[in-house]
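Have a look at the structure below before the remarks.
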Ligand SMILES: Cc1ncc(COP(=O)(O)O)c(C=O)c1O
């Protein structure tokens, strides 16, 4: 089951986002602008949830907020009844500001600071996902000092690497994340946690990678987790309540990508766990997943105004937009690919293939290397698709460019959820030297 995506174009020939005319959005909020189709986010969360529900499995869909973490996004995710995972004090703080239910927050990260862990304890978050021995020690000290208890999971490296871009692989043994199973470190971590009266181990976790297009890796990791759960129950009497198989479900950035539907991933994971659990004679645990990209990515669009153009005979033209690596570093960072639409002439046929360049002072600031476009002019609106994950989240102020505004669009109605940075914002933290 592969995912289909269709773009909507209105009678004026303008790209439609969340029921709104993209040209009108650009006029109202300015560019560069990030616009999210809210119903696409809702649908995606609901689709993940529905598969668990129809299989009658206890579950949590925990949105990996690193993909896009703002107050408005957390509120939307909460409306849909999902959990979140955070990886920093800043993401946790954003969740607190959003009024997100703290018992639905998981805290990830391979080097959580004392301050971050104290914040997690003080706000009674749902679970800390322990990553290393130093963290077990740190959390143990904090719980002792504060006379508090904390639910914990262990992040494990199951030795499964997903078929994807190598920078995205985190499940293999040689990874900075998690406890290694092979060498016995995971087992040692479990024993430390079990002997700590202030920690309650509730589950085990593995995240095998990102932008994954097949179910095999998830099935292998799920099987490994069940096998380990069976072993740990037999040896240590530890009954795993939760198997957390992480995120990484791939999405369509370009026509070359053929992602599976959320249903296909979840169904395969659920079936694999059910089968293995019954073979091992275990009680069926809850299954948690942590989709980030697949929730925020397809729903997001980056709106840019076209400006200058460079044509040199024999060389592919450069068409430059008013944003670039500052609002989307993925192409420059790891050659991520996107597709764009000339949104104010969305029905027109392409007449040339161009490079879409950003405005930043780096030769590598090219958003798209080969984009077929109709004839374009300065002032036209160019929209990049599927930029909702790890785009704004990784945005910077390089060249002292303000970060774009972000709007949520639903049923044709747009609401600004992050205002555009001003020049004043840019110097807000600066102190005078003289
Ligand atoms: C532990 C963990 N969970 C979930 C995710 C989300 O992955 P994705 O956005 O590809 O779904 C990540 C991404 O790095 C991760 O490290």
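Cβ atoms here come from the backbone N, Cα and C positions, even for glycine.
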Quiz item: Among 293, 428, 432, which residue does TrEMBL annotate as binding substrate together with 330, 334, 362, 390?
Solution: 293
Exercise. Check TrEMBL for me: it has 290, 291, 292, 293, 390 binding pyridoxal 5'-phosphate, so pick out which one of 237, 248, 326 it puts in that same site.
Key: 248
Exercise. Pop the Cα-Cα gap between residue 290 (pyridoxal 5'-phosphate binding site) and residue 334 (substrate binding site) into the table, whole Å please.
Key: 22
Quiz item: Which value does the mean pLDDT take for the domain 'Orn/DAP/Arg decarboxylase 2 N-terminal' (40-296) in this predicted structure?
Solution: 94
Practice problem: Tell me which recorded positions (290, 291, 361) have a Cβ under 6 A from ligand 1; sequence order is fine. | Solution: 290, 291
Quiz item: For the binding-site residues listed here (248, 291), which one has the lowest count of neighbouring CB atoms within 10 Å of its own CB?
Solution: 291
